[in-house]
Amino acid sequence: MLSTLASGVAFHPGYLGPREAAALLSTLRTAVAAAPLFTPRMPRTGKPFSVRMTNCGPLGWVSDERGYRYQPNHPETGALWPPIPEIALQAWLELAGYPHPPEACLVNYYAPGTRMSLHQDRDEADFAAPVVSLSLGDTAVFRIGGTSRSDPTRSIRLASGDALVLGGSSRLAFHGIDRILAGSSRLLAEGGRFNLTLRRVTRP
Ligand code: MD6
Ligand code: FE
């Protein structure tokens, strides 16, 4: 079932079934072994994020005192990022409605108790491409508003296997994660949640 919450927001609950979610997690484990989760830091202040991150694909999103940017290599190991998991590429083909492949797959890991403050995804050169997000593990309380920080917001619970697409007039909507519902999924033995966001970074 697809539901449209606002223009350009498409929510696909249960997009990945439990077996597909488990298969994607298994590929993700391999990727994280090659490109370990790191703790990003805020530009200027250097304040650490509570979420840990890594990336797959030709480009990865990183943040540190020097700012937000995309780069081809891991900030700690220097290695190129591992490939984007096949199941995630398939989700892009089915959901993005955009005729060029994604270049970055940001992987966020939320331990119970962590959150992501309200932000826009705007470090990409081409906002014609949507951002496609996949959730694995514990349910997250996701908040989404409009293109001004002060616009009213609404909450959606993102459960394991759910896909969310931000495109069109919602491509630059403010959004964030208020909290993780600890123990809501048994997919991750360690608990918590992985979120994958697929992005086109450069103009094709
Ligand atoms: C998360 N998601 O679900 C955070 N960004 O953990 C995002 O920041 C996000 O879900 C752009 C488009 C869709 C998203
Ligand atoms: Fe985002």
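Even glycines carry a Cβ here, placed using N, Cα and C.
TrEMBL has this to say about the protein:
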- TRP61, TYR68, ARG69, TYR70, ASP123, ARG149: substrate binding site (BINDING)
- ASN108, TYR109, TYR110, ARG193, PHE194, ASN195, LEU196, THR197, LEU198, ARG199: 2-oxoglutarate binding site (BINDING)
- HIS119, ASP121, HIS175: Fe cation binding site (BINDING)
- 101-202: domain 'Fe2OG dioxygenase' (DOMAIN)
Check your understanding: Which binding-site residues from the list TRP61, PHE194, LEU196, LEU198 come close to ligand 1, meaning a Cβ under 6 Å from one of its atoms?
Key -> none
**Study point:** By Cα-Cα distance, the member of binding-site residues TRP61, TYR68, ARG69, HIS119, HIS175 nearest LEU198 (2-oxoglutarate binding site)
**Key:** TRP61
Exercise for review: Using the structure shown, find which entry in TYR68, TYR70, TYR110 (the binding-site residues) has the sparsest Cβ neighbourhood within 10 Å.
Suggested key: TYR68
Revision key, fill the gap. Looking only at the binding-site residues TYR110, ASP121, HIS175, PHE194, TYR70 (substrate binding site) has its closest CA neighbour at ASP121
Revision key, fill the gap. One finds that other Cβ atoms within 10 Å of the Cβ of ASP123 (substrate binding site) number exactly 14
Check your understanding: Relative to ligand 2, which of the binding-site residues TRP61, TYR68, TYR110, ASP121, ARG149, PHE194 have a Cβ found under 6 Å from one of its atoms?
Key -> ASP121
Check your understanding: Relative to the Cβ position of ASN108 (2-oxoglutarate binding site), how many further Cβ atoms are located within 10 Å?
Key -> 23
Practice item. Given the binding-site residues TRP61, ARG69, ARG149, state which is nearest to PHE194 (2-oxoglutarate binding site) when distance is taken between Cα atoms. Key: TRP61
Check your understanding: Cβ distance under 8 Å to ARG69 (substrate binding site), same chain, sequence separation 6 or more: which residues?
Key -> TRP61, VAL62, SER63, ASP123
**Study point:** Stretch-averaged pLDDT - the domain 'Fe2OG dioxygenase' (101-202)
**Key:** 97
Study note, to complete from the structure: Spatial neighbours of HIS119 (Fe cation binding site) among the binding-site residues TYR68, ASN108, TYR110, ARG149, LEU196, using Cα within 10 Å, are ARG149
**Study point:** Tertiary neighbours of HIS175 (Fe cation binding site) (same chain, Cβ under 8 Å, six or more apart)
**Key:** LEU118, HIS119, GLN120, PHE142, ARG143, ILE144, GLY145, LEU166
**Study point:** For LEU196 (2-oxoglutarate binding site), nearby residues of its own chain (Cβ under 8 Å, 6 or more apart in sequence)
**Key:** LEU24, LEU28, PRO85, ALA88, CYS105, LEU106, VAL107, ASN108, SER133, LEU134, LEU136
